[in-house]
Amino acid sequence: SPKIRVCIRKRPLNAKELSSHSPDSLTVRTSSHPNAHIYVHRPHRRLDGTPATTTHRFLFDDVFDEHASNLLVYSAAVRPLVRAMFKRGGRCSLFCYGQTGSGKTYTVFGPEGGRPGAPGDPGIHQHACADIFRLLSLANRRRAPRNLPALNCTASYFELYGGRVFDLLARRAPRQMMEDARGDVQVVGLTRVRVGSAEECRRQVERGNTERTTGRTEANDTSSRSHAVFQVVVWESGAGVGELDGVGGTVLPGGDKVFSKFSLIDLAGSERGQDTGKGGTRRQRMEASEINKSLLALKECIRALHARQPSGPVCPPHVPFRASKLTHLLRDSFVHRSSRTVMVAAVGPSAGGVEHTLNTLRYAGR
């Protein structure tokens, strides 16, 4: 199976866009779910001032139209990733990307950002956690007759902002990133919480989300300005949670072994110069620059992963994971022999946001 898949999710026109009669600038073939092509119809004017439309075509592994539910997106794009997590050594990563208003938060967390009791379609995060603990229970039932150590889970949640790591389960306490003798990246002192159910995972995400760094952009007063990483580590029991320290290691103090790891990375949206607004502060400009730098580094790593597919070149290229703290910290996602990675990019259909949509599709493309 491929090491990397890139999927696009189109949201429907919202109430505001419908009331203003905004045209739908995106076309997805609807003969089957998922599809592979998406077409962007960009309105512009010719040199003589007459209106015209240019159509841009993009090809991805999966494209989901506005009728696709979160469950469909999860089942087709993410569930194979979660299943791979229960093969020893699995390093599974899900990157979620999208500009403000693209439907990314709805895709990841569901209606109202995953608020408890919110009606509607749960996000792919909730579906993933439910599957993780269902498969964990099944794995332990199979291991018990063979006297194999039980598998347990811990969760951690941190953000990268301004090139620094902050622990979202410890009131944004700053943490240091270190590389050990094996080349594995460790976050020293990162809070790890033992979790025994999907509901406990949801509570940790809710707790961490209250600490996320947000800021005002031209498009949104409360846009996420950091990359947030929620990790579930499955480990073979033998030592207490207090002895678990580090993100990338395979052998932990006390003899514990990391069995597998699932990382959900909620990426901050990239910024064009005008998106910070004409009155953007120096801090906002530096913030945007740091975000764009890390996203470019991620793009290069994903491009290298594509080239390492069976259909790629005979001599696969080096994966430049050291180019940013984000990619360095998630080194396992790119170079581990058992790594599997999926990117889900959300796009909006409004003609008014067509440039943002094109930027997202070009970013996610190969």
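Glycine is no exception: its Cβ is also placed from the backbone N, Cα and C atoms.
Database features (TrEMBL):
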- G98, Q99, T100, G101, S102, G103, K104, T105: ATP binding site (BINDING)
- 3-366: domain 'Kinesin motor' (DOMAIN)
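Looking only at the binding-site residues Q99, T100, S102, T105, the densest Cβ neighbourhood within 10 Å occurs at Q99. Within the set of binding-site residues (G98, G103), the lowest number of other Cβ atoms found within 10 Å of a Cβ is recorded at G103. Just so you know, the Cβ of K104 (ATP binding site) picks up 26 other Cβ atoms within 10 Å once every protein chain is counted. The ATP site is defined by G98, Q99, T100, G101, S102, G103, K104, T105, and by the 8 Å test on Cβ atoms against their centroid, the other residues of the chain that qualify are R11, G269, A346, G348. When other Cβ atoms within 10 Å of the Cβ of G101 (ATP binding site) are tallied across all protein chains shown, the result is 20. Model confidence over the domain 'Kinesin motor' (3-366) is summarised by a mean pLDDT of 85.
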